[in-house]
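Okay, so here's the structure we're looking at.
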Amino acid sequence: MNATWSRFNITSIVLGFAFLYLPIVLLIVFSFNESKLVTVWGGFSTKWYVSLFHNQGLMDAAWVTARVGVISATVATVLGTLAALTLTRYTRFRGRVLFSGMVFAPLVMPEVITGLSLLLLFVAVGLDRGFFTVTLAHITLTMCFVAVVVQSRLISFDRSLEEAAMDLGATPVKTFFQITLPVIMPAIVSGWMLAFTLSLDDLVIASFTSGPGATTLPMKIYSQVRLGVTPEINAACTILIAVVAIGVIIASLANKRREVQRQLDERAAQRG
Amino acid sequence: MSNATAAAATSPSADAAQSPLARLGAAFVGRLVIIIPYLWLLFFFLIPFIIVFKISLSQTAIAMPPYTPVLDFNGGISGFLDQLKQLSIDNYTWLTEDALYFNAYVTSVIIAAISTLLTLLVGYPIAYGMSRAPATIRPTLLMLVILPFWTSFLIRVYAWIGILKPEGLLNQLLLATGVISQPLIILNTYTAIFIGIVYSYLPFMVLPLYSSLEKMDYSLIEAAKDLGCPPTSAFWKITFPLSLPGVIAGCLLVFIPAVGEFVIPDLLGGSQTLMIGKTLWNEFFANRDWPVSSAVAVILLLLLIVPIMLFQQAQARAQEQGK
């Protein structure tokens with residue numbers, strides 16, 4: 001393989017990753033800029049982080065966003081896992097085509113359509129727009145992403161493990177919690193994280209479905225960005241990136257440890 | 001699997017699964033697994049579209065909700081039928097009469113198509129390079145492609161404003177190195193929108209491409225080379241056709257959301273650019289015209305229905321192959 005990894009391939013990867021990462025790196029660097037002019041370097045300073053924490057509006061929005069994210073990701077993970085089980089395990093039931101359509105369509109549906117249609121639903125059933133409606137909207141969007149992530153793990157799942165457990169007398173429910181759930185757990189965890197970051201990130205759907213008192217962080221950032229780029233927003237963005245990056249790194253380390261443990265278990269089982 | 005043995009050891013008796021009550025319970029739980037997500041998606045995904053369609057046939061009114069008629073069943077069947085008679089296709093005729101909307105649809109489709117092609121051109125070499133990388137570093141490379149996807153979309157678009165604006169970092173660099181003598185105007189042009197879409201959607205293109213290229217059997221290329229086939233025609237005759245499922249999936253994943261994109265044209269494209277997602281947003285938030293924005297959404301959905309169905313078929317096929 002090494003011989004075929006030519007200079008062309010290496011160049012395209014290096015350029016590609018530079019393109020992907022340079023804007024983010026620049027954003028982080030300039031959040032530590034002393035000067036108020038975002039694109040002129042005036043020395044190192046953390047003053048924008050200090051002023052960020054004194055910006056009550058942004059802090060309130062961050063708190064709303066965190067709560068919406070945790071609640072919606074948790075519910076979406078449960079619903080998405082159920083949807084993934086339905087897609088992989090129940091291959092024949094009435095309306096299956098419609099069901100898989102409803103799972104896959106939100107993945108590519110333009111956000112303005114999803115946002116508008118959910119808002120009109122909430123108005124039609126008389127729900128007041130606010131924290132609750134944003135959460136419902138985010139559950140609906142993110143459960144489909146969870147379903148796809150969990151489904152890809154379920155497809156490669158070795159069903160003979162389940163059959164063995166059932167042959168030995170475990171009920172289907174017990175089999176699910178003792179066998180299936182632990183095996184697909186990494187996918188469920190990454191599904192939760194994906195749902196959480198999608199919720200953290202969403203501007204369009206939140207703008208449609210949110211009401212007074214439930215301004216999310218992206219909505220706040222957006223309204224400030226429209227007024228111009230400020231180092232304070234750079235600082236807020238840097239913190240968001242740091243939170244997500246730390247989460248992803250912890251999750252992948254945990255995953256690796258679990259993988260190593262699994263291999264040790266298997267080796268022990270073979271020996272014993 | 002230590003859990004498997006544990007479960008087997010603690011299971012009470014072998015005939016538990018066979019008892020009729022347990023089987024009935026299992027069937028009930030199985031139903032619930034289907035019914036809960038099914039009902040959720042019906043209520044929060046499908047029914048809203050029916051409401052959008054109905055409101056697109058209504059008239060604007062100064063009230064809350066700002067449209068008429070508001071359907072209710074208080075007047076019995078005849079009252080309901082009267083309300084239905086008030087529905088009309090006026091909003092749709094309005095959309096066809098005003099060139100603004102037609103232009104916005106056409107521009108959106110063209111911008112999305114060009115950006116999709118550009119994303120493919122940028123993404124293909126990256127995915128190809130990754131698939132030929134030593135197996136030990138491939139997971140790391142994959143992680144590096146996915147990681148930007150986890151960082152905020154809004155932030156990534158916003159980062160480009162500081163780079164592209166007239167006194168921004170790109171112009172500073174080009175002026176300092178003497179490549180240009182006048183700052184380039186990129187922000188608030190279509191070029192900025194192309195850059196924004198390619199940048200934001202690149203992982204969506206690279207991932208499906210990579211997964212189809214990685215599965216490819218490279219001995220085919222070696223065989224072609226041994227038989228005297230030049231590398232370029234080996235690529236077009238073998239590699240590219242074999243990666244076609246990835247190309248199609250990647251292009252659909254970029255094209256469909258890009259047509260209705262709002263954030264990128266709004267932040268990078270400036271006020272002159274005409275894209276349908278932005279038009280819908282303005283109709284709703286600035287003009288507060290719910291019926292017209294619903295009609296815009298219905299037509300956008302009709303425009304995308306074929307690509308969305310292609311996408312679903314591609315997904316279903318991938319799922320079948322995975323089994």
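Cβ coordinates are placed from backbone N, Cα and C, and glycine is handled just like the others.
Positions annotated as transmembrane segment by TrEMBL: A:12-32, A:61-85, A:97-125, A:131-155, A:176-198, A:233-254. Annotated domain 'ABC transmembrane type-1' per TrEMBL: A:62-254, in sequence order.
Listed as Cβ neighbours of the transmembrane segment (A:97-125) (distance under 8 Å, sequence separation of 6 or more from its ends, same chain) are residues 83, 86-87, 133, 136-137, 140-141, 144-145, 147-148, 202, 204-209. Using a Cβ-Cβ cut-off under 8 Å and counting only residues 6 or more beyond its ends in the same chain, the transmembrane segment (A:12-32) has close neighbours at 38-39, 41, 44-46, 48-49, 231, 234-235, 237-238, 241. Non-local neighbours of the transmembrane segment (A:131-155) in the same chain are 64, 67-69, 71-73, 75-77, 79-81, 83-85, 87-89, 103-104, 106-107, 114-115, 118-119, 122, 183-184, 186-188, 190-192, 194-195, 198-199, 202, 205-206, 208-211, 213-214, 216; each lies 6+ residues outside the stretch with a CB under 8 Å from one of its CB atoms.
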